[in-house]
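Per TrEMBL, domain 'Cytidylate kinase' is recorded for 5-45, 65-196. Annotation source TrEMBL lists ATP binding site at Gly9, Pro10, Ala11, Ala12, Ala13, Gly14, Lys15, Gly16, Thr17.
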Amino acid sequence: MSFVVAIDGPAAAGKGTISRAVAAHFGFEHLDTGLLYRAVGARVLAGGDPVECARGLSAADLEAENLRSAEVAQAASRVAALAGVRAALVDFQRGFARGAKGAVLDGRDIGTVICPGADVKLFVTASPEVRACRRFEEQKSAGSGDSYDRVLADVKARDARDMNRADAPLKPAADAITIDTSDLSVAQAVARAIGVIAARRGQRV
Ligand code: CDP
Ligand code: CDP
């Protein structure tokens, strides 16, 4: 039986950073489920039908170069509100979780919908201002000219869309442990996550 870690939370909270570190530490496989929605969003921006794109998604689509752009992030959160798109992506995510001895999946609904029986559920969050600051710095290094105010508005718009949609809204699972990374370094946030997972692994017989 696989050991599954579900990591959910809003944009730029540090989910991906923690997930990669946890996967490396415990030797688990990692799936960034946001990439699935980003890949659908990118194909829809190019003129595709959202549900058809989600059904036809292939591993190669997750390697596309533009998936990290702000435009694709907004498109991802729009297609992510469509029940047909979400339904088309469920089996792939659950198959991934089952298929590895240890798996970390990060996204918005992993602990609530995709893997409700996950061994560990973390809800990683931070204030919108801190998250916007992180994204602003990342985008600046990547050559984007968006202002901090613009990035903050984008983060808030995506939070609102993700939290208020009818299907699989962003929220902590009832049994999730919250890690607020607003005042934590990456090393501190990673250490906290590893501590929770190590304790839980020790308990499982
Ligand atoms: O996956 P998600 O969108 O939640 O966030 P990320 O891409 O892992 O992290 C966003 C940025 O915040 C990265 O540049 C991290 O280095 C930085 N960061 C962090 O992840 N955790 C902290 N405690 C502090 C900074
Ligand atoms: O990296 P960041 O946290 O900015 O975004 P992401 O994880 O790549 O997700 C992009 C968008 O996909 C989110 O704003 C959500 O609307 C959607 N998403 C979702 O609905 N469910 C997931 N499990 C993962 C992402």
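Note that Cβ sites are derived from N, Cα and C of the backbone, with glycine treated the same way.
Overlay of TrEMBL annotations on the structure.
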| residue | record | Cβ within 10 Å |
| --- | --- | --- |
| Gly9 | ATP binding site | 25 |
| Ala11 | ATP binding site | 23 |
| Ala13 | ATP binding site | 25 |
| Lys15 | ATP binding site | 29 |
| Thr17 | ATP binding site | 18 |
Intrachain residues whose Cβ lies under 8 Å of the domain 'Cytidylate kinase' (5-45), provided they are six or more past its termini: 53-54, 57, 61-62, 64, 66-68, 71-80, 85, 89, 92-93, 96-97, 99-112, 114-115, 118-126, 128, 131-132, 134-135, 138, 155, 158-159, 162, 170, 172-173, 176, 179, 181, 186, 189-190, 193-194, 197, 201
Candidates near ligand 2 among the binding-site residues Gly9, Ala13, Thr17, judged by a Cβ under 6 angstroms: none
Additional residues surrounding ATP, by Cβ distance to the Gly9, Pro10, Ala11, Ala12, Ala13, Gly14, Lys15, Gly16, Thr17 centre under 8 Å: Ile18, Asp106, Val124, Thr125, Ala126, Arg131, Thr181
Helix, strand and coil residues within the domain 'Cytidylate kinase' (65-196) as assigned by DSSP: 74 helix, 16 strand, 42 coil
